[in-house]
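A.B. asks: Not my notes, these are from Swiss-Prot:
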TRANSIT   1-48  transit peptide
TRANSMEM  103-123  transmembrane segment
TRANSMEM  135-155  transmembrane segment
TRANSMEM  172-192  transmembrane segment
TRANSMEM  200-220  transmembrane segment
TRANSMEM  228-248  transmembrane segment
TRANSMEM  256-276  transmembrane segment
TRANSMEM  304-324  transmembrane segment
TRANSMEM  351-371  transmembrane segment
TRANSMEM  387-407  transmembrane segment
TRANSMEM  413-433  transmembrane segment
Amino acid sequence: MATTSSDRLIAGLTASIGSIESRYANPAQSVSLICRNQINGAPPIVLRSSRRSRLWLIEAIPPAKSWNGSNDGDEDIKKSDTRNYAIGGTGGHAVAGKDDRTMEIVIAAATTAALGVGNRVLYKLALIPLKQYPFFLAQLSTFGYVAVYFSILYFRYRAGIVTKEMLSVPKLPFLIVGVLESLALAAGMAAASNLSGPSTTVLSQTFLVWQILFSIIFLGRRYRINQILGCTLVAFGVIVSVASGSGAAHSFKDTGILWSLLMVFSFLLQGADTVMKEVIFLDSKKRLKGASLDLFVVNSYGSIFQVICIALLLPFLSKLWGIPFNQLPSYIRDGGACFLNIGSRITGCEGAPLLPVMFVMMNMAYNISLLRLIKISSAVVSSLASTVSVPIAVYCFTLPLPYLGVASTLPRGFVAGTIILVVGMLLYAWTPSTNTSDSIIPSPPST
């Protein structure tokens, strides 16, 4: 049989290794020969040795695939033309792009948390001129955003960022998202009208529980003990920092169990909604052959189905806000006039339109950032980023903000709760060190 180039390569490397072994008593355990700018996806060549023998082997290691592991956000690793692997050492390993990926998620989470703080603060400021028209502001954020999202989607399509394949993805998941969001809104509004603010804050922490549960069921994701404990501490920290000393327990006794269960059901629907969006992104990667679905495709189609469902529920929702359905058109007209601060009949709208417009812009930026964080990491990470914004916003309300008048005081357990929250975040992000043997890079599980 004719000698192939592979045979010559093995023979040459064996001879070279023999000379290296004679020079050093403790040879390196592994050497990676990486072909940069590989052609036709040829796998890199890895040279391995065993601790117990002097035999060296050459084997081809296929490029690492994207896979769902136990870490949120670690499963989707960007492919790059140049891959740098660990060389030598006792089983040390590195995944190309992992550090960059982690930094991207950290920056996105911090941005989402900051926008979440701004969203909460500006919402309270926007309600100062619109204190008589909160239902108008809620419907503006539902109906008005559809036009904005589809306008952005149109321009992105014309620019070639959004493709026809992206627009042709199945619409049933978006319908499910719209139904979940509208039902969550209706259930939440009905329960919130009978619960106190601190009670709602306590019950809202079940949102994270539902997300973890749905991620395990529908995404097959596994969480480490430190991640579960970290999420628990984050939720407990928010409860301590915001609701401590506010009579939340007494409020639960006064309102009964029915409204509390309805609020928990509302957060169940919201948890299912965010996990469903994560499913949409993961499924679209398969349908688009690795391409990433544009954010505004999800925002636009999800919003239009939500608007349809909200329109069907308007008689019920307006009644919850104490507005007879036959008076809804005049209420919307007056709310719009107050939003723009026009008309002599409308009074008490000082601060409009600046404050409401600032809230609308901040709210859109927050929603987009939240969806992007779901896309690049997971629904649970996005929930943690949103949860962190709660105590920070509470602290901001103690500052001398314009239009708010006398600043509020910090809750009694704010500092202790914030410390618990930070410890929970650090515990969730902590990755336990694992002892590995001779492997250069771990093989991804079969998909």
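Placement of Cβ uses the backbone N, Cα and C atoms for every residue, glycine included.
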A.B. asks: Taking 135-155, 200-220, 304-324, 413-433 as candidates, which has the most Cβ pairs under 8 Å with the transmembrane segment (351-371)?
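C.D. replies: The listed stretch sharing the most Cβ pairs with the transmembrane segment (351-371) is 135-155.
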A.B. asks: Cβ pairs under 8 Å with the transmembrane segment (413-433): which stretch of 172-192, 228-248, 256-276 has the most?
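C.D. replies: Checked against 172-192, 228-248, 256-276; highest Cβ contact count belongs to 228-248.
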A.B. asks: Counting only pairs at least 6 apart in sequence, do the transmembrane segment (172-192) and the transmembrane segment (304-324) share 3+ Cβ pairs under 8 Å?
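C.D. replies: They are in contact.
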A.B. asks: Against which stretches of its own chain does the transmembrane segment (304-324) lie, if we need a Cβ under 8 Å and a gap of at least six residues from its ends?
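C.D. replies: Cβ under 8 Å, 6 or more out: 134-135, 139, 142-143, 146, 150, 174-175, 177-179, 181-183, 185-186, 189-190, 193, 331.
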A.B. asks: Near the transmembrane segment (387-407), which same-chain residues lie under 8 Å Cβ to Cβ, leaving out any that are not at least 6 residues past its ends?
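C.D. replies: For the transmembrane segment (387-407), the nonlocal Cβ contacts are 112-114, 116-117, 119-121, 124-125, 128, 201, 205, 208, 234-235, 237-238, 241-242, 350-351, 355, 414, 417-418, 421, 425.
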